[in-house]
Amino acid sequence: MLDLKFIRENPGAVQHATEVKGVKLDLGELLRLDRELVALKQRVEAMQTERNANAKLVPKATPEDRPHLIQKGKDLAEELRGLEPQLRAHEDQLRQLLLRVPNIPHPSVPVGKDDTENVELRREGQLPQFSFPPLDHVELLERQGWADPERVARVSGSRSYLLKGDAVLLEMAVLMFAMDFLRGRGLTPLSTTALVRPETFVGSGHFPGGEDQVYKIEGDELMLAGTAEVPVNSLYAGEQLQGEQLPLAFAAISAAFRSEAGSAGRDVRGLIRVHEFRKVEQYVMTHADEAEALRWFGVILENAEALLRALELPYRVVQNCTGDMGAGKVLMYDIETWVPSENLYRETHSCSYLGDWQARRTGLRYRDEAGKLVYAHTLNNTGIAAPRILVPLLENHQQADGTIRVPQALRPYLGGRDVLGVPVRETAEA
RNA sequence: GGGGGGUUGGCCGAGUGGUUGAAGGCAACGGUCUUGAAAACCGUAGUAGGGCAACCUACCGGGGGUUCGAAUCCCUCACCCCUCGCCA
């Protein structure tokens, strides 16, 4: 959400943002509604003033005057009752439109219509050189007896997954390593529930618009979040923090649920795109200072990159173009990790800066040095998402015999083991 | 799941249906005093919207209602606390 005053004063910038981001919004309608609302409010307030003044006279009035004053009050109340629903309807309408107003992209963001126009910033790490035809992760898991796709599909349908044996330990090791690592970099560990109220999605900016991506709990008005960003963003909702309490930086681990409506048929095989997964999310609330926030953007981006380097995975950093970045975002970089079997990079991380757009929706404010209440700025980035990260991890570290080399950084979380699995392939003769 | 008690300004806490936007205290800010600080004393001070000023309006967990008038009465929802039961 943007400041209504800002929208009034900068309609051109807002209009431009809706266009380059491909947001459907009638800004003219919003501005018209705003003007009407102000006029209507002034009418109602004038009547309220009169009603209040009149009500104050009643107790002091003489018995003769009293009935007249009360009658006048009744008339005013009657008239107000007619206008108030109108006022409320207007307010609701305006709010609905306001919730759809996109944030203004940072000047550095390339204009583009969708992910095909994202810009690669750099590539890091060496692509693996295999002396044998590498297997894809599904093949590796099956040969090692680490998965059971048919059975789990019978139990939980498509886009479910099941890990077995050492793959379980590997998944847990990756999550634990990420938590430890981020804690070491100063983030506060958090373990949150994915079960949240619908308002939290409005706060994060996923609603309105993303309703069909979210699972609802029957009979309860709770829903399942697709990322810890949702609960953590609402953690301080409506509070008035002290300036010194910021920045707040969390490494939040939670389950994540996504209905994947609209991606039917895409990535149905394997661990890339599943309905339920586990994720460590970096979430930061800073002062309302773009320079400070952008420093944090660099920090959480670097954290994610350092994690991938520690996992010895090649990746590239991509800057998302306007059409691919989401309404609330000022700046967004994706990190994509190399997947040998597909011979391409796949998104494993997404780093975003939202200015005060999210905080404004959530009511996340703090008192600055001057004593003024201001909205905080928020950022988030993936820390690690499992099982998706297991795809590049297994594939990049597979060895000729089908075993998996464990990167140095993960060994402490796997009892010191440097290889997982048993030989399941003929090794080529030298 | 049953029963009981709560939710007031940054925090604590009072509040009889009628100048209560809300006593009092703490914290905060400005000032006096002091070499400096503390203490003491005086003063300022909620949030949001509208008038680009005096000022007006709304807000005492959310929503609805009663009333000329609601923080105060009624309904409803949410949350918190206590208690009994159940349960991992």
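Placed from the backbone N, Cα and C atoms, the Cβ positions cover glycine too.
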Among A:T227, A:T362, A:T403, the candidate listed by TrEMBL alongside A:R258, A:E281, A:N380 for L-serine is A:T227
For A:E260 (ATP binding site) and A:T227 (L-serine binding site), determine the Cα separation and express it in whole Å. 13
Within 10 angstroms of the C-beta of A:T348 (ATP binding site), what count of other C-beta atoms is obtained when all protein chains are considered? 25
Which of the binding-site residues listed here (A:T227, A:H275, A:E281, A:S350) have a Cα atom within 10 Å of the Cα of A:T382 (site 'Important for serine binding')? A:T227, A:E281, A:S350
Would you measure the largest Cα separation among A:R258, A:S259, A:E260, A:V274, A:H275, A:E276, A:F277, A:E347, A:T348, A:H349, A:S350 for the ATP site and round it to whole Å? 19
Just checking: which of A:H275, A:F277, A:T348, A:S350 have a Cα that is within 10 Å of the Cα of A:R258 (L-serine binding site), counting only these binding-site residues? A:H275, A:F277
Within 8 Å of the centroid of the Cβ atoms of A:T227, A:R258, A:E281, A:N380, which other residues of that chain place their own Cβ, given that this set defines the recorded L-serine site? A:A225, A:G226, A:A228, A:E229, A:V230, A:A256, A:K279, A:T382
Neighbour count check, CB within 10 A, over binding-site residues A:E260, A:E281; minimum at A:E260
